[in-house]
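Only one structure is covered here, and it is reproduced in the block below.
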Amino acid sequence: MLNDFLTFINSQKLELHAAPTLLAISGGVDSVVLATLFKEANLPFILAHCNYGLRGKESDDDEIFVRQWAHKHGVTLFVAHFETELKAKEEGISIQMAARDLRYTWFSELRQQIKYQYLATAHHADDAIETVLLNLTRGTGLAGLTGIAPVMGHTIRPLLFASRQEILAYAQQQNISWREDSSNATDHYRRNLIRHQVLPVLQSINPSLEETFQRTSQRLQAAHRLLDKSLYEWKKNVVKQVNRTTYIPIPELLKASEPIFQLHYLLEPFGFNYAQTEQIVASLEGESGKKFLSPEHVLIKDRKYLIINTLSKGKYNEEAYELGELTSLSIPEKFTIHMQEHTYSDSFNFDPDPSIAYFDRSLLDFPLTIRPWQTGDWFCPLGMKGKRKKVSDLLIDSRVPLLAKRDCFLLTNNRGDVLWVLGFRSDERFKVNKNTKKILEIKFINA
């Protein structure tokens with residue numbers, strides 16, 4: 001197995017002799033064999049072990065075993081203890097998902113702290129097949145059919161060449177000790193159900209299942225890389241990014257050969273799922289103003305663009321919307337913003353409409369932000385010669401009804417200064433003056 005291990009590492013062009021690798025070890029046969037192979041190949045490494053506290057004494061015994069292995073072989077070991085059940089309860093996720101989040105967050109932080117290039121995990125060929133079958137039961141795209149990549153960013157899987165049986169046989173031949181996880185014997189988890197019930201049937205149909213899958217996986221990974229490269233080039237020509245606001249032109253989507261698939265490629269990083277993407281595409285030729293939400297973003301269907309902004313975390317009506325230079329923004333059931341730049345002249349006609357404000361372009365610090373007003377906000381109303389006034393007082397003086405006050409928004413600059421109480425009064429400090437060269441006109445249309 002050592003020769004196959006080294007051959008696989010070389011095939012992935014991994015320079016593991018140059019610097020130590022952080023190796024995740026549970027105490028199970030897979031990770032202990034991986035650590036043994038690193039040791040036999042004289043590859044520098046240190047160990048990282050997670051104690052999830054889920055199996056009482058059994059979890060503690062796993063940790064003791066790993067500590068003894070590290071001490072026996074003279075390898076540095078880091079150990080982390082997690083409150084996995086508490087995290088799962090607080091975030092409303094499964095125990096397995098909580099454990100995964102905890103370990104990979106810690107692994108990433110530890111790897112960066114000790115300045116190692118790679119994290120090695122003991123995933124093998126059977127794990128890759130199980131992952132694809134799991135993804136199929138949940139529903140997946142091409143990426144979910146490619147299995148587990150040998151190299152993904154800073155994470156490497158040097159055992160993907162070997163099956164579970166080959167790893168077990170090697171451990172027995174070499175008299176390697178390991179710990180058995182009792183939870184692996186139950187079919188309570190879906191992965192175990194596939195491992196115990198489905199894989200044996202498939203292997204009886206094709207005894208070379210692992211080898212067949214590896215070849216298929218390599219072809220699918222190549223197809224995925226090619227498709228991803230093509231979509232990336234399309235994205236560069238289509239998507240417009242202004243500060244933290246993303247604009248996707250609707251005409252480009254309407255002429256796309258596969259609009260749902262192509263749009264999902266753009267939206268998935270923002271947390272939108274495939275079903276939402278289908279709904280968004282169905283709305284492209286409809287009226288403007290429709291809003292779609294992911295856990296952290298809002299997508300607005302405007303006349304010409306799909307506009308994506310980050311949602312601020314908070315109570316009702318606490319979203320903040322960022323504006324780049326000369327952009328428009330439409331927030332359904334709230335407002336629309338239009339921006340236009342003019343060259344200053346003595347004959348310039350200023351519209352007195354309170355829904356329009358004019359600013360000296362050179363005095364503005366972008367990006368601008370539109371946000372709800374808060375207690376304590378103040379500004380220097382135009383015409384009051386720099387005198388401060390609380391926004392709350394302005395709203396009282398303007399006899400704004402209590403329920404309507406929560407729908408009042410402010411335009412602020414990058415430093416947080418209030419430029420305008422939208423629809424009411426702009427700030428004296430940023431007004432057009434005799435030295436102004438460029439005027440920024442901003443129009444606010446209330447919903």
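Note: Cβ is positioned from N, Cα and C throughout, glycine not excepted.
Keep in mind that TrEMBL annotations are predicted by a computer and have not been checked by a curator.
Positions annotated as ATP binding site by TrEMBL: Ser26, Gly27, Gly28, Val29, Asp30, Ser31. DSSP assigns Ser26 (ATP binding site) to coil in the three-state reduction, placing it in neither a helix nor a strand. Its Cβ taken as reference, Ser26 (ATP binding site) is surrounded by 22 other Cβ atoms within 10 Å in the chains shown.
Annotated domain 'Lysidine-tRNA(Ile) synthetase C-terminal' per TrEMBL: 368-442, in sequence order.
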I want to verify one value. Collapsing DSSP to three states, which class is Ser31 (ATP binding site)?
helix
Any further residue of that chain within 8 Å (Cβ to the Cβ centroid of Ser26, Gly27, Gly28, Val29, Asp30, Ser31) of the recorded ATP site:
Ile25, Val32, Val33, Ala122, Trp178, Arg179, Asp181
Long-range neighbours only, meaning 6 or more apart in sequence with Cβ under 8 Å: which ones does Asp30 (ATP binding site) have?
Ala122, His123, His124, Leu159, Arg164, Ile167
For Ser31 (ATP binding site), the number of other Cβ atoms found within 10 Å of its own Cβ:
24
